Amino acid sequence: MTQDDKKKAAANSALQYIQQNSIVGVGTGSTVVHFINALASIKHDIVGAVSSSEDSTKRLKALGIEVFDLNSVDNLDVYVDGADEITKHKHMIKGGGAALTREKIIAAVAKKFVCIIDDSKQVPVLGDFALPVEVIPMARSYVARELLKLGGDPVYRQGITTDNGNVILDVHNLKILNPVELEKQINGIVGVVTNGLFAHRGADVVLVGTDSGVTTIE
Ligand code: 5RP
């Protein structure tokens, strides 16, 4: 099985969590593209979706799935999204696709976060994948200096503006032993919009595509 086959298997398996007549929270990334395609196959059974990025919104609409503004949605049962790294505690690094802020907002609203990954994303400790931090443009250098003090090596992601009009610093060389604390610490730096640690609100269910099928971790 290729990595993409595993992503697709995990994405298809997430359909079992989608309830009739519901609005579905939809993440961003290559694994989520498979999920959006799967969701289209049951589009007449759902009301629509809320989306974490302009890219996912475009794909959902192209497949005839209505996209709602999160402000008009009182209740969200399920949010489905991928991850760049995940531990056995269901703490994640996300934001490889620069959509971390909207992803974190929808994850906060949703009752259940269903994480869909291939098995290469499972790690014992977070940090080999550089941690994305969304930053207000004028604060970029200040935030980079503060991140250096925390022991990381921030690198400006050139040529990328987020859907919110901000920039991304990718923080390398962090060995993240306490993700809940680091998430809070980085979010406390003035000028940071949010960072890609999803530890305070981690995943609830992880669907892992492997060579021998999809494993569910609850
Ligand atoms: C985007 C994300 C994605 O969920 C993460 O980057 C995983 O992407 P992929 O499914 O392409 O491996 O956080 O901001």
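Positions of Cβ are set from backbone N, Cα and C atoms, glycine also.
The feature substrate binding site is assigned by TrEMBL to THR28, GLY29, SER30, THR31, ASP81, GLY82, ALA83, ASP84, LYS94, GLY95, GLY96, GLY97, LYS121. Taking the Cβ of LYS121 (substrate binding site) as reference, residues of its chain lying under 8 Å away and at least six apart in sequence are, in sequence order, GLY82, ALA83, ASP84, GLU85, ILE86, VAL208.
Among the features that TrEMBL reports, active site, proton acceptor is placed at GLU103. For GLU103 (active site, proton acceptor), the number of other Cβ atoms no farther than 10 Å from its own Cβ, over all displayed protein chains, is 31. Secondary structure at GLU103 (active site, proton acceptor), as computed by DSSP, is helix.
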Worksheet, complete the sentence: binding-site residues THR28, SER30, ASP81, LYS121: those with Cβ under 6 Å from an atom of ligand 1 are THR28, SER30, ASP81
Fill in: Other C-beta atoms that fall within 10 angstroms of the C-beta of LYS94 (substrate binding site)
29
Discussion item. Let's check the environment of ALA83 (substrate binding site): how many other CB atoms sit within 10 Å of its CB?
Written reply: 29
Fill in: Mapped DSSP class for ASP81 (substrate binding site), helix or strand or coil
strand
